[in-house]
Amino acid sequence: MKVLWAALVVTLLAGCRADVEPEVEVREPAVWQSGQPWELALSRFWDYLRWVQTLSDQVQEELLSNQVTQELTLLIEDTMKEVKAYKAELEKELGPVAEDTKARLAKELQAAQARLGADMEEVRNRLSQYRSEVQAMLGQSSEELRARLTSHPRKMKRRLQRDIDELQKRMAVYKAGAQEGAERGVSAIRERLGSLIEQGRLQALASQPLQERAQAWGEQMRGRLEKVGSQARDRLEEVREQMEEVRVKVEEQAEAFQARLKSWFEPMMEDMRRQWAELIQKVQVAVGASTSAPSQEP
């Protein structure tokens, strides 16, 4: 579409181009047939330039006024507004897309949009410049005026065409990303619905009558208590058996120790009794001898 604008601007700037070179036929892009608001705005921009072209001999007089640049300013603003609105709509559709992908697409589209706006501004500025040149060239011949007005149009046409193609390509990528995001969103919704269905099933189980749940809970607790009681009884029986084994071992060890002590001390006590008896006997003998000696002295 920008190419179309550029071509129109070129022919507009050419003024009375019929005597200089054949009119360049410009084909309207097929993309306008989709009817997007921003494309319709660009179409209006194109229609206005084409209308200016039909002024033929009146072009010089129109360029001397501010009407053309004012109209172009309004059309540029409308076009940029529609492009931004369409971009915002695509951004909403890109919700489920990864943030890095969304940021990259937005950056590329913003750059293409900026280039389009800059070139449209240049078209308007060129017209203002040509209007000033026309004012300065009053009195010159029509051929000289036409030659000045046709100096830049071809370059502007190529630039606008390139920008339009770039913007359309970015829009297509952006829309493809939005469709991909929508598909991911549907998958996420499907998974969410599955989760909600599962939760609903669990809630249905949880909504059983309170009495049934209490009865089930009571049976469960009784089963657990019986299991714990059985385990406790088994454990106590094991402990009792272990204690009995320990008692028997202690008694056996005590009897063995007592027997060892008896085997140690009985010979010793017997020897001490024997020695003590011998000592007493010796003392008695000594005492008896000492008592018999005084009786024999008179």
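Using the three backbone atoms N, Cα and C, a Cβ is placed for every residue, glycine included.
Residues annotated as signal peptide in Swiss-Prot: 1-18.
According to Swiss-Prot, the repeat '1' annotation covers 74-95.
Residues or ranges marked as region '8 X 22 AA approximate tandem repeats' by Swiss-Prot: 74-244.
Among the features that Swiss-Prot reports, repeat '2' is placed at 96-117.
Under the heading repeat '3', Swiss-Prot lists 118-139.
Among the features that Swiss-Prot reports, methionine sulfoxide is placed at Met137, with the record citing similarity to another entry.
Residues or ranges marked as repeat '4' by Swiss-Prot: 140-161.
The region 'LDL and other lipoprotein receptors binding' (152-162) scores a mean pLDDT of 59 in the predicted structure. Look at Swiss-Prot and you will find 152-162 tagged as region 'LDL and other lipoprotein receptors binding'.
According to Swiss-Prot, the heparin binding site annotation covers Met156, Lys157, Arg158, Arg159, Gly218, Glu219, Gln220, Met221, Arg222, Gly223, Arg224, Leu225. Sequence-distant neighbours of Arg222 (heparin binding site): no residue of the same chain at least 6 apart has a C-beta under 8 Å from its C-beta.
The annotation repeat '5' is assigned in Swiss-Prot to 162-183.
The repeat '6' annotation in Swiss-Prot covers 184-204.
Marked as repeat '7' by Swiss-Prot: 205-222.
In terms of DSSP helix, strand and coil, the repeat '8' (223-244) has 22 helix, 0 strand, 0 coil. Annotation source Swiss-Prot lists repeat '8' at 223-244.
Among the features that Swiss-Prot reports, region 'Specificity for association with VLDL' is placed at 260-272, with the record citing similarity to another entry.
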Within the region 'Specificity for association with VLDL' (260-272), residues counted as helix, strand or coil by DSSP: 13 helix, 0 strand, 0 coil
For Gln220 (heparin binding site), the number of other Cβ atoms found within 10 Å of its own Cβ: 10
